[in-house]
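Asks: Below is the structure I would like to discuss, written out as structure tokens.
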Amino acid sequence: MSYNLLKGKKGIIFGALDENSIAWKVAERAYEEKASFVLTNTPISLRIGKIYELSHKTKSILIPADATSIQDLNILFEKTLDHFGGKIDFLLHSIAMSINIRKGLTYPSLNYEFLRKGWEISAVSFHKIMQTAWNKKAMNKWGSIVAITYIASQRIFPHYGDMSDYKSYLESITRNFGYHWGIKEKVRVNTVSQSPSITRAAKAIKGFDQLLTLSDKISPLGNASAQDCANYIITLFSDLTRKVTMQNLYHDGGFSHTGISETMIS
Ligand SMILES: NC(=O)c1ccc[n+]([C@@H]2O[C@H](COP(=O)([O-])OP(=O)(O)OC[C@H]3O[C@@H](n4cnc5c(N)ncnc54)[C@H](O)[C@@H]3O)[C@@H](O)[C@H]2O)c1
């Protein structure tokens, strides 16, 4: 159902790869809510080809950019502002990658070159995107910037490895940059801490299927799906949440506040 929540709003969505991606679901919902947006992902992921389907379906243009490259981000924002003939209202950062996890390296045996690359992709890219938007004066007043995180930033999930540290850093960037955006432009910045859901990034995590089941049994409302996450993010892009900023917002069916459930005990 559409509520026209984003009518007239424009934005950039980072990180839609295939139909399971959280960013893909956000793009579909944003389109239903009458937003216009640019889709972006790495040049290599564009070669996989699926994202063209999404751009066609949502009548959006596609601009490749590696979110760790300031040069790519400058081009992305220049083309976006040119395309819309003015500023934008929302940004979604839905990007993560741990090379250490992909290579099966556990937390005590991290490779530091992989650590640096994963941190650049998963956390620093959020700062770079916001810095580029800041320098280009790209955001309208009362705009909204959202990144997606996971509770492993605060609690230990052993197979989440160095991604836990990236997520802590991502949440810290959110608070720090959120302060400056708020003062300067009344723009809000938040992270959504999402339940596990099966996507390409998630499949790289050892024991992910068991984690998904356990999390579902612990959460009083059950896991929040990627579709639920998209719905929530739409509210954060809308004018209904203008005074929410610098927060890490749990969207996890109650997982974050539950110690153990009766289902788990029995
Ligand atoms: N799926 C889950 O269980 C879950 C739970 C909590 C949080 N998250 C977070 O949600 C976000 C989206 O992940 P997803 O689960 O939809 O997986 P996904 O694999 O569909 O999305 C990850 C995206 O990051 C992109 N990416 C990687 N390197 C990039 C770079 N250098 N520049 C630009 N883009 C790059 C990939 O191309 C891909 O589109 C991530 O931040 C992830 O950590 C996922």
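Using N, Cα and C of the backbone, Cβ positions are placed for all residues, glycine too.
Relevant sequence annotations retrieved from TrEMBL are reproduced here:
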BINDING   G15, S21, I22, I95, K167  NAD(+) binding site
ACT_SITE  Y150  active site, proton acceptor
ACT_SITE  Y160  active site, proton acceptor
Asks: If I take the alpha carbons of Y150 (active site, proton acceptor) and S21 (NAD(+) binding site), what is the distance between them in whole Å?
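Replies: Distance (Cα to Cα, whole Å): 15 Å.
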Asks: From I95, Y160, K167, which recorded positions have a C-beta atom under 6 Å away from some atom of ligand 1?
Replies: I95
Asks: How big is the gap, in Å, between the Cα of Y160 (active site, proton acceptor) and that of K167 (NAD(+) binding site), rounded to a whole number?
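Replies: Rounded to the nearest whole number, the Cα-Cα distance is 10 Å.
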Asks: So how many other Cβ atoms are close to S21 (NAD(+) binding site), meaning within 10 Å of its Cβ?
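Replies: A count of 24.
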Asks: So if I measure Cβ to Cβ from I95 (NAD(+) binding site) and keep only same-chain residues at least 6 apart in sequence, which ones fall under 8 Å?
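Replies: Sequence-distant Cβ neighbours: F14, G15, A67, I121, S122, S125, F126.
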Asks: Within 10 angstroms of the C-beta of I22 (NAD(+) binding site), what count of other C-beta atoms is obtained when all protein chains are considered?
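Replies: Neighbour count, Cβ to Cβ under the 10 Å cut-off: 25.
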Asks: According to DSSP, does I22 (NAD(+) binding site) sit in a helix, a strand, or coil?
Replies: helix
